[in-house]
Amino acid sequence: MTSTTTAPQGATTAVALSGVTKVYGRGTSAVLALDGVSLDVAPGEFVCLVGASGCGKSTLLNLVAGLDRPSGGQIGLAGDTNPGLMFQEPALFPWLTVEGNVEVPLKLRRLPRAERRERVAELLRTVHLADFGRKRPHELSGGMRQRVALARTLALDTPVLLMDEPFGALDAMTRDILHDELERIWSERQLSVLFVTHNVREAARLADRIILLSSRPGRIIYSTEVNIPRPRRIDSPEVAAIAADVTERLRTEVGRHGQ
Amino acid sequence: MASDTLTSSARTDAEISGLDALEIAGRDKEISRGARIWAATWPKLAALTIAILAWQLVVWSGWKPPYSLPGPMEVGRELISQARGPQLWDGLVTTLRRAAVGYVFSAAVGLLLGLAVARSKVLRAAIGSMITALQTMPSIAWFPLAILLFELSEKAIFFVVVLGAAPSIANGVISGVDYVPPLLLRAGRNLGARGLNLYRYVIAPAALPAIVAGLKQGWAFSWRSLMAGELLVVGISQTSLGAQLTYSRDLSDAPWLLSTMIVILVVGLVVDAAFGAADKAIRRRWGVLDQAGN
């Protein structure tokens, strides 16, 4: 844990960011990537971060995941485990089978073999890949690989899930189905999710709250609750209305950089 | 509402298995074992036949007298008679023992050195380029020094074999560690692999293909160095393969010379094939084996 990471007070927040700043480089070539970002994610809340290029979305997730240190501000996490992080690429280990990949975090936590086997089977059932445990990643489709990555992240048993455009590289059909899957797993396991995307519709489909970040430097410029009852459909008029509102604001922000 | 959720989740299940079935259909292509072996073997047999034929044609053309260039039949007969006597086998054992000792030691030195240079920026700045320079140095150029240091002894051969092979192996390790995809490192760290565990679970397996390539190249270098050494450092052991080459030349026994060369070639090929098989097994596991299956 970094010195700037503290446990948030009580159980009212799963992730607490206050005044988080990130500067890359030094002196005249320094780039301000994030500027005073304050944000609380409640336990069981699904928050989507939306922004154009250069808004520091991925930087923010790296900081919360503990893969990088903030230049200023505080990051607090519920529980003492690192949050799970998923990327746009599945980032599976090609030398291991599907089972082997899901088993890695369990091995690193030194769980006994019998328990590991049980947990792997349970996790693969959760992502509907119970029959594919012996396959290697290259034998699976993109959507299946991303589900293996999800199972592997869930094996961390962490209450907080960070997702960095996890469905960005998938076709629309697969993405729709994975939205349903993620929504189910999120509500079954009462996860807190911080989900980064540039796809505004995806955000409106999934989020309890959408947060819009400005670009260069990244600042929170808009935040809206999404009170559409679940399960939602990405093509429903309510989702489209929210998406239209956020898109409008995103375009205004992008236009600001062209002047 | 409850029944609603149930039907919708059952529907999702069906959609998911349907999509999975469609997407991975037709990816498994089974070829019988026999067909695969034949496909790999016949081009080699054909090439060998052509090479022997060409050799025979050159002999028939009378370009060189038969006592300096005997034909394949004569060399084959010599090879069979050599295989029946102890001399060839003694030589083979001597040479292979030297190769094994030198190579295992080189592999240990190369792996440790490579790992140290890959980890430490200071070491890399200090000796990183020197390792590459050592790799380009023809090993035979080390022999005068080796003979000055160790005289005409096994040690001189060992010295040159290690200098020939270790840099290649070290370079394989360095490039393997350098080219571990950063994304896999981030994933590994997020899954809880830090320090030594990151090496065990991510870096070492990800670097394995490059390490095997380095080991293979290291073998080629050590085998060449060993042959050069055995040709130069004659007299310490009567029967090594290199010594037999020297003696057969001294005695102008061309069939013996050529049959010894064939044995050296075959040993090199067999070890190379073993490395090739290891490399192929890794690539198959990783899913990067090309369609031709070579």
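Note that Cβ sites are derived from N, Cα and C of the backbone, with glycine treated the same way.
TrEMBL does not curate its annotations; it predicts them automatically.
Straight from TrEMBL, the features:
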DOMAIN    B:92-275  domain 'ABC transmembrane type-1'
TRANSMEM  B:45-63  transmembrane segment
TRANSMEM  B:100-118  transmembrane segment
TRANSMEM  B:130-150  transmembrane segment
TRANSMEM  B:156-177  transmembrane segment
TRANSMEM  B:198-215  transmembrane segment
TRANSMEM  B:256-275  transmembrane segment
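Same-chain residues lying 6 or more positions outside the transmembrane segment (B:256-275) and placing a CB less than 8 Å from one of its CB atoms are 70, 75, 78-79, 82, 88, 91-92, 95-96, 212, 215-216, 219-220, 223, 227, 241, 244-245, 248-249. Sequence-remote contacts of a segment are chain residues at least 6 beyond its ends whose Cβ falls under 8 Å from one of its Cβ atoms, and for the transmembrane segment (B:130-150) they are 113, 117, 156-157, 159-161, 163-164, 167-168, 170-171, 174, 221, 224-225, 228-229, 232-233. Recorded stretches compared: B:45-63, B:156-177, B:198-215; the one with the most Cβ pairs under 8 Å to the transmembrane segment (B:100-118) is B:156-177.
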